[in-house]
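Here is what Swiss-Prot records for this protein:
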COMPBIAS  534-556  compositional bias 'Polar residues'
LIPID     G2  N-myristoyl glycine
LIPID     C4  S-palmitoyl cysteine
LIPID     C5  S-palmitoyl cysteine
LIPID     C7  S-palmitoyl cysteine
REGION    534-560  region 'Disordered'
REPEAT    39-76  repeat 'ARM 1'
REPEAT    77-116  repeat 'ARM 2'
REPEAT    118-157  repeat 'ARM 3'
REPEAT    159-198  repeat 'ARM 4'
REPEAT    200-239  repeat 'ARM 5'
REPEAT    241-282  repeat 'ARM 6'
REPEAT    284-323  repeat 'ARM 7'
REPEAT    325-365  repeat 'ARM 8'
REPEAT    409-448  repeat 'ARM 9'
Amino acid sequence: MGLCCSCLRGESSLEDSTGLPIAENEREAVTSLLEFLENKDQYDFYSGKPLRALTTLVYSDNLNLQRSAALAFAEITEKYVSPVSRDVLEPILMLLTNPDPQIRIASCAALGNLAVNNENKLLIVEMGGLEPLIEQMKSDNVEVQCNAVGCITNLATQDDNKIEIAQSGALVPLTKLARSSNIRVQRNATGALLNMTHSGENRKELVDAGAVPVLVSLLSSMDADVQYYCTTALSNIAVDESNRRYLSKHAPKLVTKLVSLMNSTSPRVKCQATLALRNLASDTNYQLEIVRAGGLPDLVQLIQSDSLPLVLASVACIRNISIHPLNEGLIVDAGFLPPLVKLLDYQESEEIQCHAVSTLRNLAASSEKNRAEFFQSGVIEKFKQLALTCPISVQSEISACFAILALSDNTKYDLLQQDVLKVLIPMTMSQDQEISGNSAAAVANLISRVSNLEKILEYWGQPNDGIKGFLIRFLSSDFPTYEHIALWTILQLFECHNETIYKLIKEDQKLVNGVKKIADENYAVAREYMQDGQDTNIDHNGNSNNIEGNGRSNKQSSEKEDASFELYNITQQIIQFLV
């Protein structure tokens, strides 16, 4: 260690301006330390004689010896990082309070080096290291500031330390140093602020400390690292609803700057800017503002990127933006449909597929014009190809999209002609209740008020026992929601007034018995329910008077009673067709 050794060599160099004599034990420590430093790979400086020699110099009254100890600690810790004891940290923390700036620079560096190790991070904070580090951040010396902030940055990567740091008073000086004209100080400060954004409590502390205006202003920095730290910090801050409200009121230029950063030459800045917009777009006002700020052209380019992180960030962002009905047509007009359909084949990421399907689902519920383009994009055929083989999460989104599309009388015929029943019927057998429920609802919606029953009859018995099999399974499920879907579907089939359908249902004993079983199971509850209402009488033969206009009991009915009555009500309407 050239610098340290030079500080130790020579009698004259050991004298300081005070003219204090060097004690014998200090002279011996210098001699020993010179030997240790010349052969440092052979010694452990964190215990035994090397540590005692360093400690002796730290507690010397001789300024040069103190400097030598600080410089030695800085070099040793840079090369050798391992868990250390209190005996190592105590002299370094002592040096942090030294009035000499060179000593504070070196001791901050040493502490920052040791703070790479997780055990050391905890011990430094436990031993009260934050207070002297905060004082060093307030120094007028840029090097002291830089090393102190660098140490805080390392300490803040340990979760257990973050609350301590947030409550120590460190956030205000960190925020101030984020405006430093020195780029190294600025990088360290913004990096430390970023490390403090990984929990809701700490994010609130940051907002309260006034960090948001600083972070937003630094989005315009020419330094890619500073841009990245600030963009990521703001993205994390935007996770919380209360913070989004704060940003909406106090950061009016935020969206414009983030949209601009989607064109950054730095891939990670571009990605984080998109993620920040995604988080902001959890709120309705931001969904509109991002579009007004010109975000769609950039997003449609990014979802076609070769970078998986960029594709994921951008498709997640457009998914949130597509939630707002006023954005649906603009998204379609911006050319999103073809690349979104292409993303359905993105086998490398289930999450990307999910966001793509979810976005398409939102767009499917828009205007007739957009719905026409939706069908022309080939998305239905792609859904059919994926539906039975894709991951559960993707299948769930596809089933939800089919359920929404099937609600529209204008799209039912197209869906039936594209043979969606071929995949919807097997999906009703899924062990996932959301998938089976959505798929069954889609089948029921397709059947409701349909004039051409050709496809209904074609898929009555196949695949997987067809529509008939789905109805039998749901009638015997003992799950009220499934029973309701099956009963409602049967009622819709009867209301088509098709003799072939009548015959298929009436002659199938499993279907008939399933309906009667549900009627029997819910008769007692329904009768009590109606007696409480006093307006309607029901007999067990299925005759009812003014069922839809029944009175309600003054006491609140339970959800279970409501469900039982509704099930019984539908069974009675079906039984009228069966008799």
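Backbone N, Cα and C atoms are what each Cβ position is placed from, and that goes for glycine too.
The structure displayed is predicted, hence computed values, not measured ones.
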Under 8 Å between C-beta atoms and at least six residues away from its ends: which parts of the chain pack against the repeat 'ARM 5' (200-239)? 162-163, 166-167, 171-172, 174-175, 178-179, 183, 186-187, 190-191, 193-194, 246-247, 250-251, 253-254, 257-258, 261, 264-266, 268-269, 272-273, 275-276, 279-280, 282
Under 8 Å between C-beta atoms and at least six residues away from its ends: which parts of the chain pack against the repeat 'ARM 7' (284-323)? 244, 248, 255-256, 259, 262-263, 267, 270-272, 274-275, 277-278, 330-331, 334-336, 339-340, 342-343, 346, 348-349, 351-352, 355-356, 358-359, 362-363
For the repeat 'ARM 9' (409-448), could you work out the same-chain residues 6 or more beyond its ends whose Cβ comes under 8 Å from its Cβ atoms? 368, 371, 375, 380-381, 383-384, 387-388, 392, 395-396, 399-400, 402-403, 455-456, 458-459, 463-464, 466-467, 469-470, 473-474, 479, 481-482, 485-486, 488-489, 492-493, 496
Taking only the residues in the repeat 'ARM 2' (77-116), give me the average pLDDT of this model. 96
